[in-house]
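Taken from TrEMBL, the feature disulfide bond covers 285-312, 340-349. Under the heading domain 'HYR', TrEMBL lists 113-196, 351-434. If you look up TrEMBL, you'll see 197-256, 257-314, 435-500 marked as domain 'Sushi'. Here TrEMBL flags 314-350 as domain 'EGF-like'. Residues or ranges marked as signal peptide by TrEMBL: 1-20.
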């Protein structure tokens with residue numbers, strides 16, 4: 001395109017001028033309206049100060065500013081002055097330029113490109129511990145949204161599992177991204193860490209089996225076997241992995257049965273290398289004494305010495321005191337007879353038949369707790385032998401304090417008298433249960449429908465009004481009353497009464513006509529199961545016990 005004037009010295013920028021304004025004496029003038037030919041200089045109203053050139057395109061020039069140009073066509077200098085908001089004075093001949101300039105200034109410059117990305121914020125890292133007997137966990141969170149200064153709220157794209165998914169053990173990274181209309185993107189991420197509590201592998205020389213194989217996770221139980229002939233289990237036969245990562249009791253050991261000391265021989269000597277399974281004791285009498293009984297005795301798998309301990313005797317008359325252990329001797333024709341003291345028997349009262357004497361055996365106890373485990377302590381029973389012989393005491397719990405989950409347990413103490421193999425036992429039961437729930441009062445003209453399974457752990461009930469009665473305003477139909485290990489019913493507060501009025505079926509609520517009618521009871525049971533399956537407690541209906549036949553109905 002051919003121009004009459006020289007090329008412009010500055011970039012053309014649409015001024016923030018006063019188009020359409022009403023001019024007055026002090027109104028400024030737009031430099032763009034003035035610009036023409038080859039710009040020289042501008043001075044202020046006093047005619048002395050040179051105005052800086054780098055502001056001309058961006059700001060209006062004040063009133064009475066004088067600007068000078070050099071015309072390209074004829075080389076003359078012209079000056080124009082800002083008066084009444086307009087430039088006055090001569091112009092250079094530049095029709096084409098002026099026409100182009102006016103056309104250009106009607107088109108605003110394009111906006112700068114959008115380079116600002118959206119903003120997006122992920123939730124913080126999530127750390128959960130798997131529930132009992134599980135190696136994964138369901139994790140939920142609120143998905144983030146993105147916001148862009150130009151486009152407003154934006155949708156996000158997720159990489160990884162959705163909220164409410166089941167996460168396996170370990171760390172899983174979840175990412176979110178968003179893109180605005182200009183192509184700018186933003187990303188964020190967080191991690192879900194699932195920890196599975198594990199107990200250390202049992203250190204046991206015999207055979208054992210554990211639920212869940214060799215994972216030994218929280219809730220797993222291990223049973224130890226020591227059934228080989230002549231061996232016995234020392235400790236508790238079953239241990240459970242607790243939430244602390246420790247076993248509920250010490251790991252037992254499998255050892256050869258110990259028969260204990262075979263005892264002394266009056267007027268004789270016992271000889272034995274050991275007292276465990278298959279060891280043998282041999283007895284000999286002192287000079288001048290005869291032996292009666294078993295000369296050799298073997299330690300058996302039962303923990304008892306075979307046979308009976310022999311005795312050494314000197315004469316066949318009472319004059320030599322042949323009767324033992326405080327027995328009374330009576331001479332007979334050609335011999336003698338011994339009357340044994342309590343706890344003894346045998347021809348010369350040589351056999352001890354007195355079992356260990358026990359005292360202070362603990363009574364059975366029930367422990368109520370709101371937690372899934374409880375610590376129980378008990379008194380250790382006392383055992384003694386009136387004859388003064390050695391006693392061996394064993395228990396299935398090494399300590400008199402232990403942690404128990406909900407359930408029933410038997411604590412046993414057994415005292416074995418080593419010289420005769422007689423036992424005395426102390427057995428008592430420990431029952432660990434959740435705090436029981438109080439019975440709910442049944443409102444008049446209503447029935448109480450409850451679960452009749454797993455009631456030690458969770459009780460759930462619903463009130464159903466008789467036909468022709470309904471729950472008054474302010475109360476809801478089909479409210480599930482729940483009581484767990486705390487022993488408290490929720491929701492709390494008084495239960496609504498069923499009042500006469502609008503029939504229940506019009507209110508889309510269940511009802512019954514006769515509580516003892518088999519059809520009504522069946523319908524009430526099915527309604528209760530359906531209510532459970534649609535509630536937050538639907539998980540308890542994943543077992544076969546969640547059945548209409550296991551529903552309790554109280555009139």
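Positions of Cβ are set from backbone N, Cα and C atoms, glycine also.
Mean model confidence for the domain 'Sushi' (197-256) is a pLDDT of 90. Each residue in the domain 'HYR' (351-434) gets a DSSP state, and the totals come to 0 helix, 51 strand, 33 coil. Broken down with DSSP, the domain 'EGF-like' (314-350) shows 3 helix, 12 strand, 22 coil. Note on the domain 'Sushi' (435-500): DSSP counts are 0 helix, 24 strand, 42 coil.
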